[in-house]
Amino acid sequence: MAEEMSATLSIARRLPLSGGKGAIPQLGYGVYQCPAATTAATTLHALQSGYRHIDTAGIYRNEHAVVAGTAQFLRLNPTVSRSDIFISTKFAPHLKGYEAAKASIAQSLSHFRNPLALNDARLKIPAVRPDGVTRVAWPGYDDFANSGEKTERDGLGYIDLYLIHAPSGTLEERNGAWRAMVEAQGRGEIKHLGVSNYGVRHLKELFEFIEGEEREGRAGGKVEVWQGEVHPWLSRWDITRLCEEKGIVVQAYSPLARATRWGDKLLREVKERTGKSEAQILVRWSLQMGFVPLPKSEKNERIDENADVFDFELTEEEVKKLDTGKYEPSSWDPTVWTN
Ligand SMILES: NC(=O)c1ccc[n+]([C@@H]2O[C@H](COP(=O)([O-])OP(=O)(O)OC[C@H]3O[C@@H](n4cnc5c(N)ncnc54)[C@H](OP(=O)(O)O)[C@@H]3O)[C@@H](O)[C@H]2O)c1
């Protein structure tokens, strides 16, 4: 994957998707492990900071909160369109096959189409601040929460990107889940399709299935995005080269390597040269590699920090040196599953 021309990088940059009908904002905000009770607020904050892409999942149990925060943002910012925002969600790994995928898509779609008001009990947002004031301290909360009004704008209408979270189940079950996704795309419920944590073998099996469907005159769908753990200690050239060859965008999860590498020698050197933080250097590396990094934080100041990466640039040599060639996942690694 060629390093991107730094001059073209900006928070507004979108990468075209190979289905030909849209683009994905290159910087995303990840919400794994963010409690639902705070995720509406952090989502709203991220969107106000300029992020236009959020990554959630059925198993994160905060999809509804992401949608609530996004709907609130759109309400407060009428000049921003629904189509400016991109939300990824996923088919949970413990569920398998066609019927389960159909039911999961329906559940996600119902979240996307029926955003909860911020004072809805299901969001579990505290209605009373510790100082006793009956309001939550973020813009427009009372306005939306108490209006009781639901406008067409409040519903997000469709899912931007639906991913199979991991290559669990049998090949038949994985293909069945994919078929349910293709059908939902045909109904306009999902815009783009992809897979997460698939290894080279899983991807090739899926490409074969898609070709088979098309040979028999059925819509096979297109793998437009692959999501996986990618950072300098796990650049996964086998998978990312295959993605490049097939025109598949790489969403890089755990782009900060879960904040476990702050003492790294090279990171410290680049930090000294640029005055930027380790987290910013890692986000910038991912962007310059042409990936779509999804840094996660529950803290507003870090959400801002992770997006403040467009006033410096890594040299070509730094980009190359940071790619350590190591294979050190910071969490699970389903790409090697043999089921
Ligand atoms: N498809 C999958 O299987 C999969 C798996 C993992 C992740 N993901 C996606 O990728 C996203 C990101 O991955 P991740 O959550 O594993 O890891 P990550 O983004 O690499 O790191 C998150 C950790 O870094 C900390 N952090 C964030 N910004 C920081 C900063 N500026 N300075 C210091 N520490 C900072 C966070 O703490 P605070 O929150 O306290 O700031 C958190 O502990 C997830 O949220 C999820 O959307 C997908």
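We count from 1, first residue shown onward.
Cβ from N, Cα, C; glycine included.
TrEMBL labels come from automatic prediction, so no person has curated them.
Marked as active site, proton donor by TrEMBL: TYR60. Annotation comment: TrEMBL describes HIS165 as substrate binding site. Marked as domain 'NADP-dependent oxidoreductase' by TrEMBL: 34-111, 153-323. Here TrEMBL flags LYS90 as site 'Lowers pKa of active site Tyr'.
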Assigned element (helix, strand, coil) containing the residue listed as 'substrate binding site', judged by DSSP:
coil
In whole Å, note down how far the CA of the residue listed as 'substrate binding site' lies from the CA of LYS90 (site 'Lowers pKa of active site Tyr').
5
What are the DSSP helix/strand/coil residue counts across the domain 'NADP-dependent oxidoreductase' (34-111)?
49 helix, 9 strand, 20 coil
Measuring Cα to Cα, tell me the gap between HIS165 (substrate binding site) and the residue listed as 'active site, proton donor' in whole angstrom.
11
The residue listed as 'active site, proton donor', number of other Cβ atoms within 10 Å:
22
Which value does the mean pLDDT take for the domain 'NADP-dependent oxidoreductase' (153-323) in this predicted structure?
97
